[in-house]
Amino acid sequence: MSKANNPLNDPARRSPETQLVHGGTQRTAFNETSDALFLNSGYSYPSSDHAEKLFMGEIPGAHNYSRFANPTVDVFQERMALLEGAEAARGFASGMAAVTNAVMSQVKAGDHIVASRALFGGCRYVVEDFMPRWGVSTTLVDGRDPENFARAMQPNTRLVFIETPTNPTLELVDIKAVADIAHAHGAVLVVDNVFATALWQKPLELGADLVTYSATKHIDGQGRVLGGVVLGSKKLIEGDVHTLLRQTGATLSAFNAWVLMKGLETFPLRVRQMTDSAAKIVAALDGHAKIGRVVYPHLKSHPQYDLAKRQMQTGSTLIALDVEGGQEAAFKLCDSLSVILISNNLGDARSLITHPRTTTHQRLTEEVRLETGVTPGLVRLSVGLEASDDLIADLLYGLDQI
Ligand SMILES: *Cc1c(COP(=O)(O)O)cnc(C)c1O
């Protein structure tokens, strides 16, 4: 039969768009087109002997409990691994569950972590507050200069954690340079790749050992469910990452995995459209009299523009604006918008604007905020799927009200 010889039977020959619709599909006997949703917690076995072999790990691909093995979650993980170019992936209940697993699975008491200081709030909390409670010390560094990582490394440094671009000021960390430093000291590099997305930045190709996502963001991208993913080599994922997930249970639900797969089908379309609109908004607002600074990785005035061009294919979907007139002016802008909603979420079909100083970064001291660029006038815009002309008109109207 000629279908058997079709070169596209080889997943490696398929484009990401195709993988995100078909990758890892496991059809049931009903031959459903959409992916099957297995809402089941447990599995029964044909015999005691079979159960014994299964628990001994002698039956490959077998399922024994949905805390760590569910067919719907399997397909989602396989599709994410294909998108990322990773050997393996594990789904989690949320992005924070994924980040916490990626960090905790690789360290033990007495170890040391180096992390960039400009991090998503929850990630900073995990490395700065929680880990020291369990005997793992942390050094936070200004991530813009790789030398700062090199200087912070200690003989017991086991893990380096970075986010690039950072939330909310879109500073960059040189993934390749930091990977080399981490590996020279025998440490693993974990990259939170939410802001750049799997479409525009490939940390594993640049030397990262583990990549994490909040799937809540661009992967669902439609404001419906929480989810997280950790990706990397089979050795790390099927080893410590899987064991910690299995034994502590921050499991991605099958229902959420199914919703996230629906998100993956349109992920490239949505992220491309949102990125195109972001570039148009940046062009329209750059130089506006009421904005001190437009921050966008692929804007020439970005202090790390060359690095942005090198490690990110585009500037992605987020923009930071430093509004002239501080917090009062920033509030005026946000409160005058009609289409763009005030929300701290991101990567959504709806354009969302947030004032980090009074929301996501409220917990930090003013000194720490200013150190990471969170000024009183700073707002972060997550560009959605609305018409870019409407978004530009909305923002120009808001700026006029200041
Ligand atoms: C949202 C986010 C997280 C946490 O993800 P949740 O799904 O909200 O738990 C982690 N890192 C970054 C960069 C994020 O934007």
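Note: Cβ is positioned from N, Cα and C throughout, glycine not excepted.
What TrEMBL says about this protein:
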REGION    1-26  region 'Disordered'
MOD_RES   Lys217  N6-(pyridoxal phosphate)lysine
Tertiary contacts of the region 'Disordered' (1-26) (same chain, 6+ residues out, Cβ under 8 Å):
35-36, 71, 74-75, 77-79, 82-83, 199, 264-265, 267-268
Cβ neighbour count (within 10 Å, all chains shown) around Lys217 (N6-(pyridoxal phosphate)lysine):
22
For Lys217 (N6-(pyridoxal phosphate)lysine), the three-state class that DSSP assigns:
helix
Going by DSSP, how much of the region 'Disordered' (1-26) is helix, how much is strand and how much is coil, in residues?
17 helix, 0 strand, 9 coil
